[in-house]
Amino acid sequence: MEQVEDHAIEVGTVQDLDGYQGALGGLTRREFLSYCTGVAATLGLSSMMGLRIAAAATAPARPPVIWLSAQECTGCTESLLRAYHPTLETLILDMISLDYHEALCAGAGHQAEAYRAQSMKANWGKYILVVDGSIPTKDGGIYCMVAGRPILETVREAAEGAAVIIGIGSCASWGGIPSSDPNPTGAQSVHAVLPGKTVVNIPGCPPNPYNFLSTVLYLLTFGKPPELDSKNRPRFAYGRLIHENCERRPHFDAGRFALEFGDFGHRQGFCLYKIGCKGPETYANCPAIGFGDVGEGNWPVGIGHPCFGCTEEGVGFTKPLHALSRVKTYAPPTAFPAVDATKGEGVTPAAVAIIAGAAGLAVGAGAMALRGMDGKDESAAGSSHDSER
Amino acid sequence: MSALAHRPLGGRILTKPVFILGFFVLLGAYFIARRFIFGLGDVSHMSNGYPLGVWVAIDVVVGTAFGCGGYAMALLIYIFNRNTYHPLMRPALLGGVFGYTLAGLAVMIDLGRYWNAFNLLMPWYAQLNSVIFEVALCVMAYTTVLWIEFWPVFLERMPPAFKQRFNLEKFQAFLKRYMFVFIGLGVLLPTMHQSSLGSVLLVMGSKLSPLWYTAWLPLLFLISALTMGYSVVLLESTLVSRAFRLPSESALLTPLSRIVAGLLALFLLIRFGALLAGGHLNLVFAGDRLSSLFLIETALFLAPLFILASPGGRGSQRWRFLAAVSLLAGGSLYRINAYLMAVDPGNGWVYFPSAPELMITVGVVCLEIMLYLFFIKTLPILHGSANQSHGRLL
């Protein structure tokens with residue numbers, strides 16, 4: 001706990017939490033349950049969930065999670081709210097203790113900030129730190145102030161006591177849209193402002209919620225992050241190019257491309273490479289898992305829009321939308337052979353000679369065998385004729 | 001029938017025909033080695049359009065039909081209890097052993113990633129909706145069953161001291177006691193996979209010409225396998241008895257021919273009935289390549305039907321032999337047509353086997369004949385005459 005003092009968390013600003021909890025403590029059991037059911041209704045959950053919220057709220061310690069938001073649009077959170085297996089509430093009610101999240105926490109203002117500080121102090125070295133949004137570094141980070149402090153400082157402070165740091169979204173992973181030219185705020189990724197720390201990146205704009213949830217559940221289950229690639233992205237989600245699993249890939253290979261929006265090829269569902277699809281240089285599992293839990297094909301390319309490479313640094317928000325991508329596997333040829341061109345190999349003289357020879361041999365052998373058969377009474381067969389050998 | 005009647009034929013093993021066959025076997029082995037060193041493309045003309053080449057169409061589909069002698073005879077002898085035919089059983093079984101074992105060899109040459117083949121036997125990888133999977137498992141199982149059925153032949157030939165040393169007498173007794181299980185399997189398994197060879201073509205759908213494509217393909221393949229199996233027995237018995245001056249088995253072959261004629265009539269009835277029902281009879285006289293193939297095939301089926309339907313034809317060794325040859329040629333052509341010639345995958349694909357590809361098939365067939373000669377000379381398979389000594393190497 002000395003570390004807390006070392007890193008000078010503003011414990012002084014922690015308000016009288018006991019007094020606050022005492023306020024709740026004054027409720028009767030009935031009133032408390034009725035309150036929890038009300039919360040569930042607010043969240044659009046069934047009234048049964050009220051009981052679970054109550055149970056979860058009084059459950060023994062779950063891994064605490066501090067979620068900091070920097071220069072972000074809350075898209076990552078919105079994406080998470082649309083997850084159904086597991087649902088976000090399963091995660092935050094059963095699996096983790098989401099102690100601070102600007103958009104989701106019940107408290108506000110000083111109260112929320114105080115609770116964050118309290119939780120960090122109590123769980124120093126044990127909590128999971130999640131950051132969404134990029135970190136402005138120009139002019140001392142004054143372009144993103146939360147609770148009167150530059151978010152840069154808050155993130156650096158929280159990172160010191162974090163067991164694991166997760167950067168969710170492209171902004172946190174590599175800078176995202178705030179870091180695009182001319183980058184007026186000097187926006188940087190989370191790992192760029194935390195030298196020497198390992199940040200698990202879940203890029204995407206927004207990222208698929210299941211990539212985040214799966215990473216967190218992996219962490220909770222195994223106590224360590226899943227296997228990561230060179231950019232610290234979980235390999236299970238970012239190990240392959242979109243191009244590799246794209247349902248339109250056969251069109252790419254066969255040279256069938258949409259050339260502009262609404263043309264014949266586009267309406268036929270042809271490959272979108274020539275209208276700027278960045279699938280061939282973007283690593284993500286979008287074609288494999290889709291979005292919104294409504295079945296296959298529900299992802300940008302699936303609904304007819306070229307991938308714009310949101311997960312990939314130097315592609316998303318950087319390359320022009322309709323510029324050709326740099327194909328990492330192999331580029332299509334400029335001209336394709338006609339579909340009915342002769343393929344495979346046909347007759348060769350040697351093959352015909354062999355077949356003719358075999359047929360001749362069979363006929364000859366058959367004739368030789370027939371020669372001795374008298375056709376009427378063969379009871380003495382083999383006694384009155386020369387054998388073939 | 002007593003097993004004592006079976007005896008090795010004896011005689012020289014390295015005869016002139018064996019040297020000639022051996023040359024082709026070595027040539028085949030050379031190309032097989034090339035296939036395993038340089039890959040399939042080095043020796044074969046198979047392609048994405050024609051993934052089933054001559055090795056499948058001839059070595060497996062035709063080869064196992066030739067190997068159905070054992071199946072057909074077992075069905076007749078053990079299921080329909082026609083024990084009089086028993087002397088024909090062992091040579092037919094031997095034909096089955098080679099037909100199926102070498103079909104398996106051909107498949108291993110044909111498989112692009114043969115080292116994965118063992119996965120077929122892993123139940124957790126089983127794709128139960130796949131026809132090819134059923135064929136593969138069935139053929140593997142049946143090959144094993146055939147060798148088990150064939151084991152008594154080896155055991156009879158072994159010196160008693162050797163058998164005692166390895167406690168093989170117990171094994172022999174076990175085989176004798178439970179052989180009925182293997183015989184049952186030996187009838188069940190070919191029924192399954194020979195009809196499945198037809199089901200494989202059902203999957204081809206419109207790739208296969210309507211002259212061959214019908215929902216009855218599985219039954220047609222099963223019946224043609226039976227007729228071909230019996231024909232092999234007719235042919236083999238005639239050739240062997242003449243070549244090795246054995247007593248003719250004419251008394252058995254004449255009534256057997258009648259069964260062949262009946263099956264053949266059923267085959268043609270279904271074949272033409274299906275064409276008529278499908279409305280494709282006009283294609284028979286279309287005058288193109290496929291209609292010619294169909295007509296040749298039908299002629300090769302009709303000739304043995306007419307020969308074997310008449311008592312005179314059945315009784316004559318010459319006519320019986322001709323009928324068997326014609327039927328085997330027709331049956332082979334039917335299978336090759338259905339698997340290769342009448343298949344058009346579209347999009348401009350063509351296929352004709354390459355010379356090395358054919359030489360591998362020729363080599364495998366020669367190996368089969370060579371081993372057959374070697375086995376009947378050294379093992380108690382045929383009802384031999386007593387005046388011949390055991391096999392000598394030269």
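Each Cβ is built from the backbone N, Cα and C atoms, and glycine gets one as well.
Keep in mind that this is a model prediction, so the values were computed, not measured.
Here's what TrEMBL has on this protein:
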TRANSMEM  B:12-32  transmembrane segment
TRANSMEM  B:52-80  transmembrane segment
TRANSMEM  B:92-111  transmembrane segment
TRANSMEM  B:131-154  transmembrane segment
TRANSMEM  B:175-193  transmembrane segment
TRANSMEM  B:213-235  transmembrane segment
TRANSMEM  B:256-278  transmembrane segment
TRANSMEM  B:290-309  transmembrane segment
TRANSMEM  B:321-338  transmembrane segment
TRANSMEM  B:358-376  transmembrane segment
Folded-back contacts onto the transmembrane segment (B:131-154), same chain, C-beta under 8 angstroms, at least six residues removed: 3, 6, 60, 64, 70, 90, 93-94, 96-97, 100-101, 103-104, 107, 120-121, 172, 175-176, 179, 182-183, 185-186, 189-190, 192-193, 196-197, 199-200, 202-203, 379-381
Per Cβ pairs under 8 Å, the stretch of B:12-32, B:52-80, B:175-193, B:213-235, B:256-278 packing most closely against the transmembrane segment (B:321-338): B:213-235
Residue numbers, six or more beyond the limits of the transmembrane segment (B:12-32), whose CB comes under 8 Å of its CB atoms: 43, 109, 356-357, 359-364, 366-367, 369-370, 373-374, 377-378, 391-394
Candidate ranges B:52-80, B:92-111, B:213-235 - greatest C-beta contact count to the transmembrane segment (B:175-193) (under 8 angstroms): B:52-80
